[in-house]
Amino acid sequence: MQRRSSVGVLLFILILDLMGFTLIFPLVPDLLAFYVHSTPHAIDSYLPSLIQTLLQFAPGIGTGEEREIILLGGILASVYALLQFFLSPFWGRLSDRIGRRPVLLLTSSGLAFAYLLWGFSTTFTLFLISRVVAGVMAGNLGVATAAMADLSTEEGRTKSMGLVGAAFGVGFIVGPALGGALSKLDLSGLPFAYHPFSAAAFVSVALSLLSAVLNYFFLQETLPEHLRSKGPLRIEYPFRVLSELKEPTFRRMLALNFAFMFLFTSFEFTVTFFYKIDFGLIPSQIGLVFFYLGLLLALGQGVLVRRLSGIISEQRMIVAGVILIAFALPLLALSAPSVPLSLLALAPVAIGSSLLQPAMAGLASRSISADRQGLAMGSFRSMGSLARGVGPIFGSYVYGSVGITVTYIVIGALLLVSFAVGAGTLRQAQSEASRT
């Protein structure tokens, strides 16, 4: 009963954190347009030069304004994710040493501060600083994943990762839909709000504070004292941290996960701009698209993965996920301007991702001992963050240069090639997991 209660609280905390994280998604095109076209401020004097430099690297299709926000969005997403990459191993190591609860409390509080900065960001520079702070404090997802691993058995690890994925799905259901709805609430005329998106920012603050309160009062520590690491605490270069994780199968799974996250993030980043530019949707409508996408992710990871776990192997889940995503992406690109057709094409993409991600995390987690789950899953998330750091740049560049159809065909083809090359790694990882 105690374990079940801890799982429930942990999942609720994850959902709140994911809601705060995803709330901004449908707002990004309009948010960036607001900063680019608002009255110039001295602190943003570098912005026109930065935009012109970006446009020189992608002199492709579409209007200059469209490419401005796509490329600038790619840079912002990359800054956030790269900070996750560099700091996730530190948060993981810290949680291995002092426990999961205090680290989750610290990161949730830090995210609340970052969102508060966003609420008062009248300039692009202050908004950029808020994203930097959010990236620094974004180690909570890896630590929460490690906490779920603490509460699971070896055999139930993939099911637990499926629950984490379901929490991600719920966050994706509610967060973007809420963000889209809040886009209609312009508080900029009030004395405590400074731009049209302040309402969304302040709701993100409230979500992070609620997460911290639940952590403090209801979450029980998942990592016993006798399993805590006694190693030195320091901020390290992430690849140096990997030198402590010498298991070859785990390292190869990291590389394979990097390939998937790089390509999927390229898609994930561009989809908001796709619906804004190619379909002409407004933020509230884009939020509903994310609601639909998140619903499919939640059903896939919360129901489908749990049903399939124990019936088919993680390896087969991964293969099925790759095939679904790779062949659905070109269909999605060709669906514009029909929103219903695009939603049909999105379904296999979401289901494929819901199968692939928990299976990858489960296989990787089962190749590492219990006392290093925090470090291992922090590194796993960190490499995913590195992929998220370069994926948006790749996606925005290709989209801005050759359009969405070629972009999604390229992503699908590279996904198939990556997993064909990594087929041996999947077989080896599954074989080792079956022996534990």
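Heads up, residue numbers simply count up from 1 along the chain you see.
Cβ coordinates are placed from backbone N, Cα and C, and glycine is handled just like the others.
Those TrEMBL annotations? Automatic predictions, nothing curated.
The feature domain 'Major facilitator superfamily (MFS) profile' is assigned by TrEMBL to 6-430. According to TrEMBL, the feature transmembrane segment maps to 7-28, 69-91, 103-120, 126-149, 161-182, 194-219, 254-275, 281-305, 317-336, 408-426.
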Within-chain partners of the transmembrane segment (161-182) [C-beta distance under 8 Å, separation at least 6 from its ends]:
7, 11, 14-27, 144-145, 148, 197, 199-200, 203, 283-291, 293-303, 305-306, 309, 354, 357-359, 361-362, 365
Do any residues of this chain, six or more beyond the ends of the transmembrane segment (281-305), have a C-beta under 8 angstroms from a C-beta of it, and if so which?
22, 25-27, 29-30, 158-159, 161-166, 168-181, 183-184, 271-272, 275, 317, 339, 343, 346-347, 350-351, 353-355, 357-359
Do any residues of this chain, six or more beyond the ends of the transmembrane segment (69-91), have a C-beta under 8 angstroms from a C-beta of it, and if so which?
28-29, 32-33, 36, 50-51, 54-55, 57-58, 103, 107, 128, 131-132, 134-136, 138-140, 142-143, 234-238, 241, 265, 269-270, 272-273, 277, 375, 378-379, 381-383, 385-393, 395-397, 399-400
Mind checking which residues reach the transmembrane segment (254-275)? Cβ under 8 Å, same chain, six or more beyond either end.
25-26, 28-29, 66, 69-70, 73-74, 77, 81, 242, 281, 285-286, 289, 322, 325, 329, 336, 342, 349, 353, 356-357, 360-361, 364, 379-380, 383-384, 386-388, 390-392, 394-396, 398-399, 404, 407-408, 411, 414-415, 418-419, 422, 425-426
List, by number or range, the same-chain residues at least 6 past the transmembrane segment (126-149) whose CB is under 8 A from its CB atoms?
7, 10, 13-14, 17-18, 21, 31, 35, 43, 76, 79-84, 87-88, 90-92, 95-96, 100, 103-104, 106-108, 110-111, 113-115, 117-118, 120, 157, 160-161, 163-164, 222-223, 361, 365, 373-374, 376-378, 380-382, 385
I need to check the long-range neighbours of the transmembrane segment (7-28): which residues 6 or more away from its ends have a CB within less than 8 Å of a CB in the stretch?
69, 73, 104, 108, 111, 115, 138, 140-141, 144, 147-148, 151, 163-164, 166-168, 170-172, 174-176, 178-180, 182-183, 197, 200, 203-204, 207-208, 210-211, 214-215, 218-220, 222, 272-273, 283-284, 286-287, 289-290, 294
What is the pLDDT of the domain 'Major facilitator superfamily (MFS) profile' (6-430) when averaged and given as a whole number?
86
